[in-house]
Amino acid sequence: MKVNGTPTRTIWRAEDGAGVEIIDQTKLPHAFVTTRLETLDDAARAIKDMLVRGAPLIGATAAYGMALAMRADSSDEALTAAHDQLYATRPTAVNLRWALADMKRVLSPLSPSQRENAAWLRAAELCDEDVAINEAIGDHGLDLFGEAWEKKGKTGTLNALTHCNAGWLATVDWGTALAPIYKAHDAGLPVHVWVDETRPRSQGASLTAWELNQHGVPHTVIVDNVGGHLMQHGMVDLCIVGTDRTTAAGDVCNKIGTYLKALAAHDNGVPFYVALPSPTIDWSIKDGLKDIPIEERSGEEVSVITGRTESGEVVSVTITPEGSPCGNWGFDVTPARYVTALVTERGVCRATEEGLKSLFPDVAGNAAAE
Ligand SMILES: CSC[C@H]1O[C@H](OP(=O)(O)O)[C@H](O)[C@@H]1O
């Protein structure tokens, strides 16, 4: 998408071919800073410390991390060690596993001398594929927004609620949940977005709001707990969120708090859509609650908050008493029964095994055979 009018992706190979450039998302919204990854360790740290985050972007960064690793040492041992180091960075987004498996499939059969170049090429292909997938999600999601606008009688504004950041900052470009919002806005639909701030890291307040500002999309940042109230009072026409892992039966793992929004949407008859790129489908599992690992991060992400002072200085402050432990579960699972539909790059389907198989008969079958 554009940053100050300039088309920009979240990750790209450096012009000198020896490094990888990323947007440091820990600096947004108060500063737009890019940083250069030179080594496998740099890439692993960028994922673990969330300079880059979002399931598709985590996968893309891991792919480029493999290229940086092969640049340093392209032996069989180094290939396996790089895969394992990157795999261990964050447990929930299945794109990490998928991208690393893809890179290993491409690199393992090659001679060490061929691996670095092949890794750079494959990582770039995965990024381009992500962009195409997300734009297609935008196109299919636009149809749903059009239907919602018709249903509303084409009056007022079309109010969409989203949670966390599933925008272009969570991917290489376009985003997943925000792609239909950008497409609808650009098509002239009067879309307004309720942006859940999404504690504790505030990806909504700091990233989604920043993205929507850049694109000129009307929005309102809200605290995480107000969404149900807005739905009770008819102020939300639809919800659309991203996902970090969706099971073959349509259970959706996403940022903590998503499940509660889905419950409120179900109780108030508000459509609850999940933007789902196929690399985020885990075909090997059906029961999300039982089988999806939920990341637990440091309690400091809860007790410490960062912001900008009136003088423009960015500072961090502690908001909890000394000695109060803080729990920090990063994700939750929304059972498929609370999902109205899945918006994929191949179209919209029910959040069921049959629905996903109808769109991905080629993939579902293979995965089941593995
Ligand atoms: C399009 S994936 C976006 C997804 O990833 C976020 O998690 P995190 O910021 O911790 O990487 C969140 O669950 C978003 O919905």
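Yeah, the Cβs are placed from backbone N, Cα and C, and that goes for glycine too.
Going by what TrEMBL states, the substrate site holds Arg53, Gly54, Ala55, Gln203, Asn254, Lys255, and the candidate of Arg9, Arg13, Arg90, Arg105 recorded there is Arg90. A simple way to gauge crowding: the CB of Cys164 (site 'Transition state stabilizer') has 29 other CB atoms within 10 angstroms, across all the protein chains here.
Ala55 (substrate binding site) sits 5 Å from Asp244 (active site, proton donor), counting Cα to Cα. Listed in sequence order, the residues Ile58, Thr92, Ala93, Cys164, Asn165, Ala166, Ala170, Gly242, Asp244, Gly330, Phe331 complete the 8 Å Cβ shell around the substrate site centroid, once Arg53, Gly54, Ala55, Arg90, Gln203, Asn254, Lys255 themselves are left out.
Over all protein chains present, the Cβ of Gly54 (substrate binding site) has 30 other Cβ atoms lying within 10 Å.
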